[in-house]
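*Asks:* Quick one: the structure is below, questions incoming.
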Amino acid sequence: MIELSEAEIEAIHHEMSLYEDPGAATIEALKVVQEHRGWVSDEAMAAAAKVVGVTPTQMEAVATFYNLIFRQPVGRHVIMLCDSISCYLTGYEEVRDHLKSSLGIDFGQTTEDGRFTLLPICCLGDCDKGPSMRVGETYHSHLTPERVDEILAEYE
Amino acid sequence: MATITIDGKEFDVDDTENLLAVALSKGFDLPYFCWHPELHSVGACRQCAVKSYRNDEDDKGMLVMACMTPCSDGGRFEIDDEEAAEMRRQVIEWLMTNHPHDCPVCEEGGECHLQDMTLMAGHTQRRYRGPKRTHKNQDLGPFINHEMNRCIACYRCVRYYRDYADGDDLRALGSHNNVYFGRESDGAFDNEFSGNLVEVCPTGVFTDKTLGAHYNRKWDMQNAPGICNHCSLGCNTSPGSRQGVLKRIQNRYHGEINHYFLCDRGRFGAGFVNRDDRPRQPLVRNADGVLEPREMDVMRDTMEEVFAQANGVVGVGSPRASLEDNFALRHLVGADNFTNGMAPADSAASVAARDAIAANADRLATLREVESCDAVLILGEDVTQTAPRLALSLRQSRRNKHLEHAAANKIPKWHARAVRDIGQYNNSPIFSATTSATRLDDIVMTPQRLRPAAIAELGFAVAHALDNTAPKVEQLDADTQALVDAIAETLKGAKKPLIVAGTSLGDPAILKAAANATKALAAANEATRLFVTLAEANSLGMAMMEERDIDHALTAVEDGSADTLVVMQNCLYERAPKARVDAVIKKAKNVVVLDHSMTRTVGEATHVLPSGSFAESDGTLVNNEGRAQRFFQLFIPDAPMQEGWRWAADLAEVAGNKPEWLGMDDLIKTIVADCPQFAGIEDAAPSQSFRKFGMRFPRSPHRFSGRTAMYANVDVRERRPEVDPDSPLAYSMEGYYGEQQPPSTIAYAWSPGWDSNQAAITRFQDEVGGHLKGGDPGIRLFAAPGAAAEFWAAEVTAVDGWQAVPVYHIFGSESQSARAPAIAERMPKPEYRVNAEAAKALGVTAGDSFELAVNGETHAFPLAIDPSLPDRTIGVPVGMHGVCGLRLPVEVKP
Amino acid sequence: MEETKVLTQRIRPDRSPVWIDDYMDLGGYEALKTALADYGPTEVGPLIKEAGLRGRGGAGFPTGVKWSFMPRFEDRPDERPAHVYLVVNADEMEPGTFKDRLIMEGDPHQLIEGMIIASYAIGADTAYVFLRGEYTECRRRLQQAIDEAHEKGFLGENILDSGFSLNLHLHMSAGRYICGEESALLSALEGRRAVPRHKPPFPAASGLFGQPTTVNNVETICNVPHIVKNGAEWYKSLGLNKDGGTKLFGASGHVAKPGLAEFPLGVKLGDVLEHFGGIRNGRKLKGLLPGGGSTPFLTPDHLDTPMDYDGVGAVGSRLGTATMIVFDDQTPIVGVLKNLEHFYAQESCGWCTPCRDGLPWVEKMLVNLEAGKGQPGDIELLDLHVKLLGPGKTFCAHAPGAMGPLEAGLKYYRDELSALIPDDASNLSRTQAANANPL
Ligand SMILES: Cc1cc2nc3c(=O)[nH]c(=O)nc-3n(C[C@H](O)[C@H](O)[C@H](O)COP(=O)(O)O)c2cc1C
Ligand code: SF4
Ligand code: FES
């Protein structure tokens, strides 16, 4: 059984204080843990569940519902490539194929060097600039295979 | 009331109901999945589509889900509508896109709601061409098997387990068409009512692992109406067997007791019947001290000698044996030499319980009624462990607050999710005082942890606060007084308050306090209810039959007034300290034991007569509400074994005291004549000669197969079914099966188109989820209130020093179920418990082996810290792993 | 065509946020002062109703009417529940929709001011912004704006000495489109799985934590200060037809100049398209989704359609979020449909059968069609799904939303779809067909 860091616990307690039922912070607790650890391991989830006062199963029910909670280790940079309609119309498929082949991974996988995890994501709200993706928290728009190569090179 | 039209027929219906429930009650075949009579409506599966018309002019109508549609006056609905039928067909086709179609190897086959609904909805051709998704299964412990690929995502499991039973370790995981119903990792379900998943799940995801171990189809089982014998509540069960092997326990619907659900002890505790070590023929201890088998007729002669040489015979009855078995023993040994087989503390508490029950006969809550009570005070009982099914009902009682909120916002009571959402964390109040933390504490307001005497005092004080003519308790501290006032105030404000108490602490004062509180409360509120629990399946029956406890029998041997003990389905070591029992057995010339299990007493007996367990006998049990219920023999054992009462009659005959009664009916008549307190038990079930349309009632369903082949190794001709001399049931599929059958004789639930237990029963109910047509089985022996009872004096017997209190566990504390392999696997390790302060005072730390003498019986167990225990109080495990004979509470000197 | 800038009047070309000082210099928080000073708590709602503001989250329900469903406790204060809530739906995940992001990033105080007034109007004491998880920049900006508003006394206890108090919190979602459905959103805010709730009861009766709650879209709420400041008549006069006010319009896909612009409601579809430069690369319009992924297609025949709720409704579609997704004449319709249905299948919450199991089937059929693996009968099966995944048949509006474009696709482009089924498909045995399945 691992313990969460003080910073994590404090952040979770803060979120708990914002709702009339502290259990409502279940989702935030997962996000806090993920922010600090990159992903949510079984042990970290159990520890977070204890802080919030819910059972691990309850937390798992929530964690596995939402796609932005990672229950498996991810690379240093998570690439989320928009696969929704506007990006689809503006060249998503080409960008997708290029990303997959240049990284040598499929959706849901992480490069062997642990640098990138590639995930599909639905509409990023960047539709006027598609194709679009996020790497970490940064949006990259108007993607082309060439742009993708330049962008990936920026990440360690 | 409302008048609605379904398929052109007009019905007067309850307008607080939804259309699905009403349509099912009226006998329509309308398929459904997510709805359940106890879980109500959520509208998830979309299976129950019907056409609804706004008014007479409306000829288009629109599709609605029947389960989410109120029965408003003037409503016009069509089930028999092509568009609705198309929707229902399509819903099945969708559900089946990922279903593995593995019916041939699925344990649900033949009683599968999904199979039924597929046929009913008419999905016959598969058009989906994609691959099926698959899941990994989880190991869910010894009770339940998991096969997730069969899941149709109806959400019933989580709605039952989480929303109804308050279990926290089963959830819907994942999303879209990749939802998964399971735990966060492998492991046994934590909730005590997990077994109901087997019946709640409409397909083969959750199945009974104990059945799976020796599986056969529902239609191949011989069943009998059973009464659970693992606590005092008397839940109705339907045990199933084949060729003399008990296969499983299913729920048998009883509208006032268990209705659709059992606890896991009841469902998985019957495995003791199949144990190899059961005595299966008469045994006599030889000169070398070894038990040797004897033929039946030889045994008769042996027993004749025993009784001829006996110098005083005493009988030890049993609170886990039927009235018939006990009465027959009483006849054998004579009323004056008969004892009720209970430990003194248990007996005293049971007698007090009996008196409380008699004095409040018109206020006794049934389990079903418990669910409608809106404020509860529990005195002393750790109900989840001692009367588990009650805990499930109490969990429903707290939801009355949700229903209240819902009603205020015009949300119908069947709108399950909305009721929950608006109710949130506002519960109807439950107060509880127990010796340590309980598994109900999550819904209890400020749980109190007190010693038995203090619990009784609290009860007396509440009674006094409610009615100042009730005796007063001296010197309550200010905090306690404030609590007492708050409890009294809340109970007084409730529409239907409930007092719960029981015998598990062995303290009559607690029962008296509960009786006082009930009386005080009832003076102001007619609706006041009392619920009393006792230790075993027939504890109340025994308290009614005989007040003398086991001490009397042991003393008789000790003081030489008797040298022969006859023990009926009881283990002396469970009732008295080992040293004393050892000495008595040593001193007695003969110890004759009639039992079905290899108990410690059987191990020491001189003569053992294999008497039938519930599976091999008929009998009557009196449950905690004074309801006499009959259970019926499940199968005829392939062994020289017979009912306890038949043995006792045979013994009486060789002892020269031949009984006048012959069969079961006769015996029951004699009981009533001899013990008028049991008047009425003859009506608990029809007599042996009762027939419907000239027919008996079948134990097996019509599709029972292989009958001509089952014994082909012995004889290729079809065997003539055995004739039941004791009941109107048949050992075959022949006979009358249907709505006009007396409910007490319905061995299994089945009706055309509805093969699953929980759905098929609908056709036997006056309305879905209501009472059985013809009345719920059993006769309440205390129907008329006793003479207006006085308040009991507020007297308690307090212990000043260290006190040992019992700690019960649902799996292990009840001796019969503890012998079932599945239950044994879930039994906790025995340990002594004290709080940290006490551990310090004793100079021990958690995990240390700790030796303690209780009642003169010494055991060493690891010590565990339980912060909830009061000071100087030691929690002692009851029943588990050979720790028996400790009857508590008592003062100890650690 | 000229834009009519109301909601976007302060938004800078580079979208850098307007912080509180600039916001106040540009007339910000005047409306709040007016509302608190000149209107009683029950008087703002009728004003909004009078202005005819309709919800900008997609369904177009009149906002003032929705507010009027909230129980009032002014004359029975002891019955007041522990909390009354306003929740702003900032979950913007409808494919092709990017309008709320702009106004939250560019002018966060407009939303906050709107929320304070709206809370005052419905009697809420606590308000949440439910923000989609990927909008991390919005989060930073909104949080800073909330802190600024607190400092200035526009939030917290006794706002501007009016006796009215409000706590305002930001909740970051963890993904899933269904969170945008207002009742699923409430489940998500409660820390549960975002499974929608059946209505009735509506959130006004039993919402967040079972308490009275109103859910409104970001853009809806941003209209509120302008109405309070300029009056209902002014607001009504902005619209060209029945619906008052302006609307953010967007265009993405095959337009020459994709982006966002603000026009009066009732503007012609053709004019909007023209504003965004028409179809790029000189191609022709084949069709468009007028307001996000769940709105049925419009075709070149519909360019005269007035873009307001009734206007778009009259031609069989919905205004939705008014962010249109445009595709040119070289776009195979099957790909568009497959992409949309993949999204809806993926984003089903998994609660009700038709949506959970029907949508993946629809997606697979489209994948097969695209791959030349269609079978006779597939088009009819798609028709059947359109029919049985329609409104009222599923638990919430998610699946009916998914069926919007599919139904229109089957209507307008039926021949194109049918032609995808190979001529020899009926000769394939069922097993061959199954083996040929690319999935
Ligand atoms: C599947 C689904 C997704 C939705 N997503 C959003 C959304 O992302 N943002 C939004 O404002 N409304 C969304 N809505 C509409 C909301 O349910 C709700 O109608 C709206 O938030 C109400 O606000 P309004 O009245 O201000 O429009 C969605 C509805 C459905 C059925
Ligand atoms: S496991 Fe059974 S009960 Fe649970 S959702 Fe699946 S089919 Fe329904
Ligand atoms: S469709 Fe890709 S950002 Fe919207």
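Backbone N, Cα and C define each Cβ position, glycine as well.
Marked as [2Fe-2S] cluster binding site by TrEMBL: A:C82, A:C87, A:C123, A:C127.
I'm curious about the neighbourhood of these features; can you describe it?
*Replies:* Secondary structure from DSSP puts A:C87 ([2Fe-2S] cluster binding site) in a helix. Taking Cβ-Cβ distances under 8 Å and a sequence gap of 6 or more within the same chain, the neighbours of A:C87 ([2Fe-2S] cluster binding site) are A:C123, A:L124, A:C127, A:G130, A:P131, A:S132.
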*Asks:* CB neighbours of A:C127 ([2Fe-2S] cluster binding site) within 10 A?
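*Replies:* There are 35 such Cβ atoms around A:C127 ([2Fe-2S] cluster binding site).
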*Asks:* Can you list which of the binding-site residues A:C82, A:C123, A:C127 come closer than 8 Å to chain C, going by CB to CB distance?
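*Replies:* Near chain C: A:C123, A:C127.
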*Asks:* I'd like the number of other C-beta atoms within 10 A of the C-beta of A:C82 ([2Fe-2S] cluster binding site), please.
*Replies:* 30
*Asks:* Reduce the DSSP letter at A:C127 ([2Fe-2S] cluster binding site) to three states and note it down.
*Replies:* helix
*Asks:* Is it possible to get the count of other C-beta atoms within 10 angstroms of the C-beta of A:C123 ([2Fe-2S] cluster binding site)?
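*Replies:* Excluding its own Cβ, A:C123 ([2Fe-2S] cluster binding site) sees 29 Cβ atoms within 10 Å.
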